[in-house]
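Listed in Swiss-Prot for this protein:
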- 1-44: topological domain 'Periplasmic' (TOPO_DOM)
- 66-73: topological domain 'Cytoplasmic' (TOPO_DOM)
- 92-95: topological domain 'Periplasmic' (TOPO_DOM)
- 119-146: topological domain 'Cytoplasmic' (TOPO_DOM)
- 190-220: topological domain 'Cytoplasmic' (TOPO_DOM)
- 263-288: topological domain 'Cytoplasmic' (TOPO_DOM)
- 331-354: topological domain 'Cytoplasmic' (TOPO_DOM)
- 376-385: topological domain 'Periplasmic' (TOPO_DOM)
- 407-421: topological domain 'Cytoplasmic' (TOPO_DOM)
- 45-65: transmembrane segment (TRANSMEM)
- 74-91: transmembrane segment (TRANSMEM)
- 96-118: transmembrane segment (TRANSMEM)
- 147-167: transmembrane segment (TRANSMEM)
- 169-189: transmembrane segment (TRANSMEM)
- 221-241: transmembrane segment (TRANSMEM)
- 242-262: transmembrane segment (TRANSMEM)
- 289-309: transmembrane segment (TRANSMEM)
- 310-330: transmembrane segment (TRANSMEM)
- 355-375: transmembrane segment (TRANSMEM)
- 386-406: transmembrane segment (TRANSMEM)
Amino acid sequence: MLTKKKWALFSLLTLCGGTIYKLPSLKDAFYIPMQEYFHLTNGQIGNAMSVNSFVTTVGFFLSIYFADKLPRRYTMSFSLIATGLLGVYLTTMPGYWGILFVWALFGVTCDMMNWPVLLKSVSRLGNSEQQGRLFGFFETGRGIVDTVVAFSALAVFTWFGSGLLGFKAGIWFYSLIVIAVGIIIFFVLNDKEEAPSVEVKKEDGASKNTSMTSVLKDKTIWLIAFNVFFVYAVYCGLTFFIPFLKNIYLLPVALVGAYGIINQYCLKMIGGPIGGMISDKILKSPSKYLCYTFIISTAALVLLIMLPHESMPVYLGMACTLGFGAIVFTQRAVFFAPIGEAKIAENKTGAAMALGSFIGYAPAMFCFSLYGYILDLNPGIIGYKIVFGIMACFAFSGAVVSVMLVKRISQRKKEMLAAEA
């Protein structure tokens, strides 16, 4: 699939993608310690995520201008090191407003400066027929890195007493890891050593100057962006499976952190290759795969609402939530792959990734706060059923958009073949 040199670069990009989000995603392994030692409610944790996402959304729009221009070596290494330094500040246990400030800056360092450039770098490693597998293995690699690093941080937390000192030690561990990766990126990554492999239409110099305008006018890219939007709106709800199992199923606190890691990271290792292989090898279309899985997600969420959770065994509840999460992670693995499937011009790929991220990750601006406040205002199982219902509506909307995208890509390919004839 890839040469040894490209596999080495792929591994480096995976290491970057698997470490930079450990601090912004601190809640995944340390949700309960965050509530206890940062003194935060469900809604306030949701607010921190929403502030982060607001800055991220604005940042993604701004990154449309530079994602194809600035050297990756500098933007990626700086973003990693800056993220680590913000983590060091978190160990001072800032107040609520300090938490909001740090999570806002995470939106700049992790998302605006790093993510679109990282996605473009991954996409350029393979041709248009390899995009599903490429992004699938990328998510798998991130899942492996995520899991190893997160469980290591949890071990550090336990080693230092599972209290305030352990929480600080866990944050220090995350911070030092991401700074180290930033230094490696700076000395190893070479912007000139990689040539784009995606078989796409080339454009002349005049077109390059208007790539942003042409991206904004491309209906296919907008449909891809909204596909990502609805996947991510459902994905945001996975975070609240953690308090769901603790409050409804009375999951022991010792297992809450481990479940959070499995829910957010281990599922990437399962979902990544499954989503990539099915979309490329069986359906031969990432957009069709997203369509089918949106339909399955809608049905699964309706079933989740109807189940008698209060009388079910805890391990059955864990199996149900993890099973649904696996479906969502197969979608996350390939939701940018339609950009390669649609053969978007190479000089527009970075801008297309930025626009897709700008629209696609927008749910995090409001979903975390929305879900958190619903749970705070509706204690018990009823709050979770409301959240699951909203997630089902997002999944159904995603199915509708996916049908439109499949038709659009098919039409686009026919037009390109006609133009070449």
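Cβ atoms here come from the backbone N, Cα and C positions, even for glycine.
Each residue in the topological domain 'Periplasmic' (376-385) has a pLDDT score, and their mean in this model is 92. Outside the transmembrane segment (242-262), and at least 6 residues removed from its termini, the chain residues within Cβ reach (under 8 Å) are 27-32, 42, 146-147, 150-151, 154, 157, 309-310, 312, 314, 317-318, 321-322, 375, 380-381, 384. Segment contact is absent for the transmembrane segment (45-65) and the transmembrane segment (169-189), given fewer than three CB pairs below 8 angstroms at sequence separation of 6 or more. Counting C-beta pairs under 8 angstroms (sequence separation of 6 or more), the transmembrane segment (289-309) fails to reach the transmembrane segment (169-189), with fewer than 3 such pairs. Among the stretches 74-91, 221-241, 310-330, 386-406, the one making the largest number of Cβ pairs under 8 Å with the transmembrane segment (355-375) is 221-241. Ranked by number of Cβ pairs under 8 Å to the transmembrane segment (221-241), the listed stretches 147-167, 169-189, 310-330, 386-406 are led by 386-406. The list of residues near the transmembrane segment (74-91) in space but at least 6 beyond its ends in sequence, with Cβ under 8 angstroms from a Cβ of it, reads 16, 19-20, 23-24, 26, 66, 98-99, 102, 105-106, 109-110, 113-114, 117-118, 168, 171-172, 174-179, 181-183, 185-186, 189. Long-range neighbours of the topological domain 'Cytoplasmic' (407-421) within the same chain, counting only residues 6 or more positions beyond its ends whose Cβ lies under 8 Å from a Cβ of the stretch, are 201, 219-220, 223, 285, 287, 338, 341-343. Sequence-distant contacts of the topological domain 'Periplasmic' (376-385) (same chain, six or more residues past either end, CB-CB distance under 8 Å): 41-43, 240, 244, 247-248, 305, 309-310.
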